[in-house]
């Protein structure tokens, strides 16, 4: 524990470099990030509100969607306000405690989202491939248990990685090459061999990201097989629309998150910029787009919005 305590000797905490080397880009980002953050708050809050308000949305699919929206609200809030303050005030510092808390919460929520997306794919698999057993399998208790497993596993992984990361000595290095504290950026500050930590991190990536991706692929392969067997064109269209939103979210989140690890040890300014932009994408853009994707492509959500606005049309169907 001596090494852990020694890292707290720097009075100013850490310096979040962000995009400070590009001041013009920072001003554009301040406007863009502020807009995206407001849209994220409004969109995800609306999904949570609608899923609780409308009885016809009290289904497993919207239970998990509400979990995802709440997660995305916390996910962006863990990093964006600090980023906006840093850009506006030009103060790049974050305290040790703040950095630890930010890394733990951000990583925990990101890990939880990976598992939650695989659970949502399983829900669609049961709905389409086992429709007669759907109510029995996806009962309320089972859904709550799966959500608890997702949150528990995500934050357990975060706890382990946070502790291992902050046990590393940094020998006076406190410039974090990102706009928030995350494991790859923090490993770059270490003045000792970090191969053990990198192996542990990639092992966690396999468990938290790769395995859920495999489960998602398995679910959708079986879904496609079942949909192909549906004779009704309307039935096939409905099934694909139900799964299309979730699949699009999966591709955006996993694609950007996994790609970010390719820039764990950037060797050029161009690679550093790409890594930061990828982090910005999966840390802000994806959570902002999630409610828009589900709202625009989902009849239930659009119907709930119309009902809320007093313009409900007769005969809108449920997915």
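Just so it is clear, glycine is given a Cβ too, placed from its N, Cα and C backbone atoms.
According to TrEMBL, the protein has these features:
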| type | residues | note |
| --- | --- | --- |
| DOMAIN | 43-294 | domain 'G-protein coupled receptors family 1 profile' |
| TRANSMEM | 28-50 | transmembrane segment |
| TRANSMEM | 62-87 | transmembrane segment |
| TRANSMEM | 99-122 | transmembrane segment |
| TRANSMEM | 202-224 | transmembrane segment |
| TRANSMEM | 245-265 | transmembrane segment |
| TRANSMEM | 277-296 | transmembrane segment |
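Here the transmembrane segment (99-122) has Cβ contacts under 8 Å with residues 13-14, 61, 64-65, 67-68, 71-72, 74-75, 78-79, 82, 146-147, 149-151, 153-155, 157-159, 161-162, 165-166, 176, 180-183, 186, 204, 208-209, 212-213, 215-216, 219-220, 246, 249-250, 253-254, 257, 282-283 of the same chain, all six or more residues outside its ends. Confidence for the domain 'G-protein coupled receptors family 1 profile' (43-294), expressed as mean pLDDT, is 84.
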